[in-house]
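According to Swiss-Prot, the feature NAD(+) binding site maps to G107, V108, I109, G110, D111, T131, S132, K144, K153, an assignment based on sequence analysis. As annotated by Swiss-Prot, Zn(2+) binding site applies to E186, H249, H267.
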Amino acid sequence: MSDTVRVELGARAYDVEIGAGLIASAGARIAPLLSRPKVWIVTEETVAALHMDALRAGLDAANIASEALVLPPGEATKSWPHLQRIADWLLSERVERADIVIAFGGGVIGDLAGFAAAIHRRGIRFVQIPTSLLAQVDSSVGGKTGINAPQGKNLIGAFHQPSLVLADIDVLGTLMPRDFLAGYGEVAKYGMLGDAPFFEWLEANGPAMAKGDPALRQEAVRRSVQMKADIVARDETEQGDRALLNLGHTFCHALEAATGYSDRLLHGEGVAIGCALAFELSARLGLCSQEDPSRVRAHLAAMGTRRDLSDIPGDLPDADALITLMGQDKKVVAGQLRFILARGIGHAFVTADVPTDAVKALLTDALAGR
């Protein structure tokens, strides 16, 4: 039994379907959107090897033809050269404005293929079929698309909403444990930023979910997507509440840049570490009790995910250099860096009133613990 979360955006509203077996039935679910019985799939090598046959079988069952472009896996793919490769491919395939592209992969593919759809012929529709936990609960929903720049993450892109999202819970069983736990950083973030009862639910059910319980996985994805859908409906282009979804990301993006967007630090791992740092900073500023960052770290430890700078292998820059990297964050307004801090678990807020000295002291202490 699948769940459906509606992202209410007027004429551009769409459904996020969550459940088992959705790839096998993808053709029937996508068919009503098509102007002609053909789709163009953008994916990556790992996903193609694991799941392309199932997707093609699902499309064939609905008499939908398909072409596919298979890219290398990894964060480095979210770049100008691969965006140009997709753009050239869509043009060579004569993809029309009424056609649909399928983004079939994790967050990298969703962001990249979505951006290509946004700029091809000034915008065509696309469907997200996210294959990682991180993509299912976060990046596939809300219309943020884009690529990384040498100066920072996600600095080039567009808001372009999908027409449909199919989150197949079955594919989560094929993830490596590290990839699943990286995505879990985004799940826990939702509880931390605005839903204390959900965080309590995760404390009770997270370990069993990580071990593979499908019902718990579906419920965790549903609750995460529902929270994101509600926030996106209120603030699609991040002028207000949507910035709350960046809890942990100011630290995370600096750490990702410092590690060269490599597998030294996966995005969801950076989010988990960033959330722990944000709560620690909040406690130091007297905004929440010290019990809150301790509880956050205890839960991340119970899940076995990364939670401290000491969990990142290799060298890191000093505190000043990390703060400089934070200055490239998209949340900078009038030259001022905005942080998402918390008055407690489930009570995040956005502020620019953060002393740089406090951030430097926090990072200096965290680096000293490595």
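Cβ atoms are placed via backbone N, Cα and C, with glycine included.
All protein chains shown were included, and the count of other CB atoms within 10 Å of the CB of K153 (NAD(+) binding site) stands at 23.
Residue with the densest Cβ environment among the binding-site residues G107, D111, E186: E186, by other Cβ atoms within 10 Å. Here the CA atom of H249 (Zn(2+) binding site) lies 20 Å from the CA atom of I109 (NAD(+) binding site). Note on proximity: among E186, H249, H267, the binding-site residues of the record, the Cα nearest D111 (NAD(+) binding site) is that of H267. Counted within 10 Å of its Cβ, the other Cβ atoms near H249 (Zn(2+) binding site) come to 26, all protein chains included.
Neighbours of H267 (Zn(2+) binding site), defined as other CB atoms within 10 A of its CB across all chains, total 26. Site extent for NAD(+): among the recorded binding residues G107, V108, I109, G110, D111, T131, S132, K144, K153, the largest C-alpha separation is 21 Å.
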